[in-house]
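**Student:** After the structure tokens below, expect a handful of questions from me.
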């Protein structure tokens, strides 16, 4: 089901729009509202994933459609603002407020309508995908940087902990409770090492030399040499 | 200086465009190219930050302007595709390929031109800013999640290391080299604690209860209870 939100109080335009959209969109379902108040009430109960395309008229009984754009209801959605008014400021204002395109209502019956709507939908999908990829890349790079930093900062003192624990554990002249304490140091140190190793494995961290590593500087420490 | 890239072999249109843009953009500077080959050569030497707006004609001597969009030269840039051709597929194809808008060349002399260009520039700036905010938020959330995980996973074994080291250090019957080993365990353990504490401080991690924490699961471990 392809859901389109149409916000317009001109019912004959809405009927025509539905007919045009049905000619190239299968399983079309239209949510139609005639005032800003109705749309706001609807949007409060719906998630943005409920529909894929918005047609937004400008002159509504209780205000202008551009208000909904400015209120941020349609972030990441393909919004096409429409009007029968050809006020020269309207297309620019709507694009600035977040519409992907502005159409005069007469464009509805022109041959450009179908390919333009399809192009807008395709573009919006591509934009969302690119945005998701960028976010995931940023997350992965951050994890790599942080884990790489931690591995460097923690591995040296951890090596000292494990080395000293090994020496103590193998001293022949320790009492049993002291050996037990040394074993506890060793097992706890290995546990910390395991956590770091698994994190490194999980992010497939390639071994890189210190000079090439991007790391967070631990506050209060001297910078690396 | 506001730099505009104009790709069009119709020099009278370019002169008119320059005149129109100058009427509302101060310090305008135009890079003008008449063929795809010239633009590609130019773009290879320039960074995208060199210009703020692109006008892209469709019919060029060595191909169509839309090819440049598809080749990905203009990612994140405000591109306005233009043509004197009113082929109905052209606006949709250009939007899909990444143009923010499509204008017929006759729109240049219409009153909507200035507010539309300004709206497109404003929108592109807002989009870039929102994208930067999203990326930074994703980075910060990732760091918080990871540090929070590490603090949980490492703090317990680290507490055991420090406790056992304290007991050993204060045993009256240890030999000096054994005490030295215990002191090394303690100082190294404190070093690890310092690294974790500073990271937590650096990200202003609020203390949150285990049940509310978002954490990474360390592979090979049992899930938290």
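Each Cβ is built from the backbone N, Cα and C atoms, and glycine gets one as well.
Below are the features listed in TrEMBL for this protein:
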| type | residues | note |
| --- | --- | --- |
| DOMAIN | A:3-120 | domain 'Response regulatory' |
| MOD_RES | A:57 | 4-aspartylphosphate |
**Student:** Using DSSP, break the domain 'Response regulatory' (A:3-120) down into helix, strand and coil residues and give each count.
**Tutor:** 51 helix, 30 strand, 37 coil
**Student:** Which number gives the other C-beta atoms within 10 angstroms of the C-beta of residue A:57 (4-aspartylphosphate), all protein chains shown included?
**Tutor:** 21
**Student:** Within the domain 'Response regulatory' (A:3-120) only, compute the mean pLDDT.
**Tutor:** 95
